[in-house]
Amino acid sequence: MATSGTAASATAHATSVVVLDRGNNTTCTINLHGATVVSWRVNNQEQLFVSKLASFDGKKAIRGGIPFVFPQFGPWSFGPQHGFARITRWNLERSPERLHNGDVEAIFSLMDNEFTRSMWNYQFRITYRLILREKELHFHIGVYNPSKDLSFTFNMLLHTYLKVPDVRRCQITGLHGCTFIDKTREGAIYQEGREIVTVGEWTDRIYQHTPQEHVITNVVSGRKMRLQKYNFPDTVIWNPWIDQAREMSDFGDDEFPNMLCVESGHVSSPVILLPGTAFEASQILQSFKCPKVTHDENELAKKNRSIKNKQVRDVGFWKCFDLEIQS
């Protein structure tokens, strides 16, 4: 753990950055501007994409990492796109603290203030707890309505930018049979027919009523990311591709092949929060690598079609036989 107690609070106030350090070059860095996770390294390997042109001026949303979207997803007539949470300075509620098992946690919070009420005149309180484990990053979110009289509705989403070697060779599971809103085709609604979803063009889709787990495979590297979620019924898949990338001032024209957004959210329908009640949601990201196998092992795996969760690639010979990572 890099800092603790009063020292951590002072450092966070001075630099706007909080670092969780588990050791073994496994760290998580959070910018208090938007409580944006701007880096997550596992054994010194970066898991998240941040654009080389991202703005860190404390005004604009940070292009990359994991921005926190609230209370609106998409364009908003009352304020900025995706709401105000990702452009507001959050509080460090609890400084990074090492738990008995070696994991490191920190808690962030956001409450209504003059800035938020100028757009959205409701009382609220959000707590955002992050836990850094050996190969996992845990997100626990609570939204509380302290009002005695007024209900409010909101969208919420974790806008996760994954760093990938080539988005065209990534595979996403857990979307087969789900309906999705295709924002690249004027909001037309389709049903996903593919067992494994790939991205080869401008993609901006809201998949509805998705299962609690997705696995994203980087075919080039053999690395995988398991995403597990609770109380996030939607999954957004986004990549701007070349034409949309050129229209963004904080995104390089040549960066789209190296990122893939897989976003857990509650966006296709709003959450309704009654007075004095709370909403909770969570997400776990787990990074792991499928070991290389020999040619003989690859041939054996091809013959044994009953192996659970078998994934075989002819070139490079990666395997993943229901690999479980023990934390």
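Note: Cβ is positioned from N, Cα and C throughout, glycine not excepted.
The substrate binding site annotation in TrEMBL covers R63, Q81, R86. If you look up TrEMBL, you'll see H159, E263 marked as active site.
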Next item on the list: Please determine which of the recorded positions listed here (R63, Q81, R86, H159, E263) has the lowest count of neighbouring CB atoms within 10 Å.
Entry: Q81
Checklist line | Residue among recorded positions R63, Q81, R86, E263 with Cα closest to the Cα of H159 (active site) | finding: E263
Next item on the list: Report, in whole Å, the straight Cα-to-Cα distance of R63 (substrate binding site) from E263 (active site).
Entry: 14
Item checked: 8 Å Cβ shell about R63, Q81, R86 centroid, substrate site members excluded -> G34, K60, A61, I62, P67, V69, P80, H82, I87, H159
Notebook entry, point to check: What kind of secondary structure is E263 (active site) part of, going by DSSP in three states?
Noted result: strand
